[in-house]
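Heads up: the structure comes next, in structure tokens.
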């Protein structure tokens, strides 16, 4: 079926899917193509390892902080649900649909947002997104009907669209491909950090803010967790430089070297540069399918772990919040290790597939052990380890064969299509729980999608 592709591979180097990740070593200092060649002061060769460490420490902690805020505002509805459903008389199916409808807005507006980022710049785009999602999150405090719930969740998806792929694209302006699995892994610890700190914070708010100022605890949850995002949005403009050449905290030699390394890599091999190229590339759609399956597990953990923990016998909101941090803490370690090990070995295929298989096994075991608190929590932690470990390695694949506008649109396309799983998984779990009275069948459904992710990766991504 892919014979023609294989024949083309013999004529030119390609990147996954169906091609190898190309390692692009820096040119030697003596080379005429050294990044500093042709510039005044070209005899000064910056230590690139030290330069990338400097960039990492400047950008990654702040970007992680922003995504922690985004993730908390996206999934705090899972904690609000513990009291909100009773107060508003919503069914589990209403909650599942509302939690998931966020991703419809996210899907529709993500590609336009990332293409806009290419035109107006990362700073303005990320600042706008951060401020607006904070406002939309606070508005969730005033939900009274299912329709309002659906509309506000949809709006939250619209205004947050573009943040995650925007950051992934932004990092390609600074780091060549050989560093990206590790860098993506560091950035994506925000998933796990948000889960680790978001649960206890939400539990504390739910426990301590009941009927304060005539508002319910779940209303305070939305308000208090939305305010920091609005404030942080204004700091984006001051903290994030547009590209290496705008970074005043890099020397002129470092600016030139970093920009040249990224530019040189984008000109090597077979990279596609237009959005039309990305849309026509079957590898983009395969990546979207794999990501859909991975995200289904992540959405399950994010939106349903408080309910799973409550179902295994934990009733106190603060205890639920604290216990929910355990799977994410384990996932943080797995995510960082898997990204670093993948970069060290240059291997992407099995690092992605094995992580997805671990996630599937964990979800199945969680469904089997819902009546045993210890075993269910261990299984949920195993699922979180697999799901989170898959993310950084996965995102090193599309950025290896897309560049320019194709990267902006292609990464957003993969992320937006993949994140439709954030609608499908919560909705299916809610519907199955309403019809069966148990979370087990929904967990088995999501486990099947994780198995499918592993199958697609093994089948279509060639060995490095």
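Keep in mind that glycine also has a Cβ here, set from the backbone N, Cα and C atoms.
Keep in mind it's a predicted model, so treat the numbers as computed, not measured.
Per TrEMBL, domain 'Major facilitator superfamily (MFS) profile' is recorded for 59-464. The transmembrane segment annotation in TrEMBL covers 55-73, 93-113, 125-144, 150-173, 185-206, 218-240, 284-306, 318-338, 350-368, 374-395, 407-429, 441-461.
Distant neighbours of the transmembrane segment (284-306): 17, 71, 74-75, 77-79, 81-82, 99-100, 103, 191, 195, 199, 278, 320-321, 324, 327-328, 352, 356, 359-360, 363, 380, 383-384, 386-388, 390-391, 394, 397-398, 402, 410, 413-415, 417-422, 424-426, 429, 439, 442-443, 446-447, 449-450, 452-453, 456-457, 460; these residues of the same chain sit at least 6 beyond its ends, with a Cβ under 8 Å from one of its Cβ atoms. If you look at the transmembrane segment (125-144), the same-chain residues 6 or more away from its ends with a CB under 8 A from one of its CBs are 66, 69-70, 73-74, 76-77, 80, 84, 88, 113, 116-117, 152-153, 155-156, 159-163, 166-167, 170, 215, 218-223, 225-234, 236-237, 240.
Residues 56, 60, 63-68, 71-72, 75-76, 79-80, 82-83, 167-168, 171, 217-218, 220-221, 224-225, 298, 301-302, 305-306, 317-325, 327-329, 331-332, 335-336, 338-340, 384, 388, 391-393, 395 of the same chain sit 6 or more residues outside the transmembrane segment (185-206) yet have a Cβ under 8 Å from a Cβ within it.
Summed and averaged per residue, pLDDT over the domain 'Major facilitator superfamily (MFS) profile' (59-464) gives 87. The stretch from 55-73, 93-113, 150-173, 218-240, 350-368 with the most CB pairs below 8 A to the transmembrane segment (318-338) is 350-368.
Long-range Cβ contacts of the transmembrane segment (218-240) within its own chain (Cβ-Cβ under 8 Å, at least 6 residues beyond either end) map to 59, 62, 65-66, 69-70, 72-73, 76, 79-84, 87, 122-124, 126-142, 170, 201-202, 205-206, 209, 212. The stretch from 93-113, 350-368, 407-429 that makes the most Cβ contacts under 8 Å with the transmembrane segment (441-461) is 350-368.
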